[in-house]
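Shown next, in structure tokens, is the structure this report addresses.
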Amino acid sequence: MEPQEPVKREGRLTLVLALATLIAAFGSSFQYGYNVAAINSPSGFMKEFYNETYYDRIGEYMSEFSLTLLWSVSVSMFPFGGFIGSLMVGPMVNNLGRKGTLLFNNIFSIVPAILMGCSKVAQSFEMIIVSRLLVGICAGLSSNVVPMYLGELAPKNLRGALGVVPQLFITVGILVAQIFGLRNLLANEEGWPILLGLTGIPAALQLLFLPFFPESPRYLLIQKKDEAAAKNALRRLRGWDDVDAEIEEIREEDKAEKAAGFISVLRLFRMRSLRWQVVSTVVLMGGQQLSGVNAIYYYADQIYLSAGVREQDVQFVTAGTGAVNVLMTAVAIFVVELLGRRFLLLLGFSICFTACCVLTAALALQETISWMPYLSIVCVICYVIGHALGPSPIPALFITEIFLQSSRPAAYMVGGSVHWLSNFTVGLIFPFIQVGLGAYCFIIFAVICLLTTIYIFLVVPETKSKTFIEINQIFTKMNKVSEVHPEKELKDFASATVGL
């Protein structure tokens, strides 16, 4: 690390870095949030459209069961597409680069936006189902590639703050969809195709502006072996000419894993030197989705109604909850470098655990104690605040930090798959858990929050202001190996590959 000593500079937020972050996050992460929420408000009108279309074709209406099944397929196609998108991450970022993948990914947003916008005119609900799958692929790719791209563009002292920006835009996407989804705006019989089709606008803007911004310098130097392009990208991002210290640091990373080559998902699971990184990724991504965040949103309307909020006003209260989510994620951007990743994860999951416990008691007692419904609302808001501070934004940023270049794409494939499969599972199973357990369903989520908190406390290190190599050296000790990628382990893999 000696060559870095002469020029030690704190990275700053240059205009190029700020705009690249905003365009990448608005064009991609926004889509994820928008499409999560856009389908909720107009669901009644859309089901009516499904039924009318079926009647026009067959001459009779669908049975209640068929309509419910068709609607659940429409909703769940999104997380299923997200899972497929996650599986595409590795091959795409290695072949097209980080920026190239984001540009290509806009196809999976613009095409379905056109299809959804035209579905009513074309009298085809199949177009909506196919579109949900495609836009899910877009979200699956963007939820993994944007944090990777921004994590590799950012200097180490800003990596945390910029790594939280994608999550901020996911929450902004949810809020915008909730606002446009108000009954007197677009969640009505004429407006819902426009509401669904608007998702193409951020993608079109990204397609227009992102080509003017740099590719990841790490990708250019390590994978493309193009030092001149990497230096040029760093100069534009940092706003100064002398980038030799940072180039040297990237070279150190390259040297530390020179023999590793491209690490596949299968190999990722079998490498002892990456054991705790992989386990931490699975626990954090699983904990993020299985901690009940989607269930809280699902349950929120009923909680608000039982607290005496009028039915026509629930949509405004829900949008208010979305605004709290945006605000707290924005707070996370400013405190992540101050308080650190580990602290925010511990704080966030602890708040979620407490909120789930108190919410269970409040829901169980709300018939007997008059002020319990109000306590339920406080619990929902506290839960949203807790999740927005740590569990929502930190896990994706963490994957960028704990893996080196050769294993990062495979790690995002694993993390993304866990994220989307957990999301899909909660969406599918929660209604049944809710019927079976009622208010006590939140005990399950409380247990998951508690277990995740304990794991973070015992295993997850702080990564704030450390280089990728320094972080991996912490895990080297935890994995009880001598170096980042021990030579013996790599030789074993080489011989195993030859044997195949």
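Using the three backbone atoms N, Cα and C, a Cβ is placed for every residue, glycine included.
Feature annotations, courtesy of TrEMBL:
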| type | residues | note |
| --- | --- | --- |
| DOMAIN | 21-464 | domain 'Major facilitator superfamily (MFS) profile' |
| TRANSMEM | 12-34 | transmembrane segment |
| TRANSMEM | 69-90 | transmembrane segment |
| TRANSMEM | 102-122 | transmembrane segment |
| TRANSMEM | 128-150 | transmembrane segment |
| TRANSMEM | 162-180 | transmembrane segment |
| TRANSMEM | 192-213 | transmembrane segment |
| TRANSMEM | 276-300 | transmembrane segment |
| TRANSMEM | 316-336 | transmembrane segment |
| TRANSMEM | 343-365 | transmembrane segment |
| TRANSMEM | 371-389 | transmembrane segment |
| TRANSMEM | 410-431 | transmembrane segment |
| TRANSMEM | 437-460 | transmembrane segment |
| request: Take the transmembrane segment (102-122) and find every residue of the same chain, 6 or more past its ends, with a Cβ under 8 Å from one of its Cβ atoms. | output: 24, 27-28, 31, 49, 85, 92, 96, 128, 130-132, 134-135, 137-138, 141-142, 145-146, 149, 192-194, 196-204, 206-207, 210-211
| Should the transmembrane segment (371-389) and the transmembrane segment (316-336) be scored as in contact, given a threshold of at least 3 Cβ pairs under 8 Å and pairs 6 or more apart? | yes
| Is it true that the transmembrane segment (343-365) and the transmembrane segment (276-300) have 3 or more Cβ pairs under 8 Å, skipping pairs fewer than 6 apart in sequence? | yes
| Range from 12-34, 162-180, 316-336, 410-431 with most C-beta pairs under 8 A to the transmembrane segment (69-90) | 410-431
| task | Give residue numbers and ranges for long-range contacts of the transmembrane segment (410-431): same chain, 6 or more residues beyond its ends, CB-CB under 8 A. | result | 72, 75-76, 79-80, 82-83, 85-87, 89-90, 93, 140, 143-145, 148, 263-265, 267-269, 277-278, 281-282, 284-286, 288-290, 292, 294-295, 298, 395-396, 399, 402-403, 441
| Recorded stretch, among 12-34, 128-150, 162-180, 192-213, 276-300, maximising Cβ pairs under 8 Å relative to the transmembrane segment (316-336) | 162-180
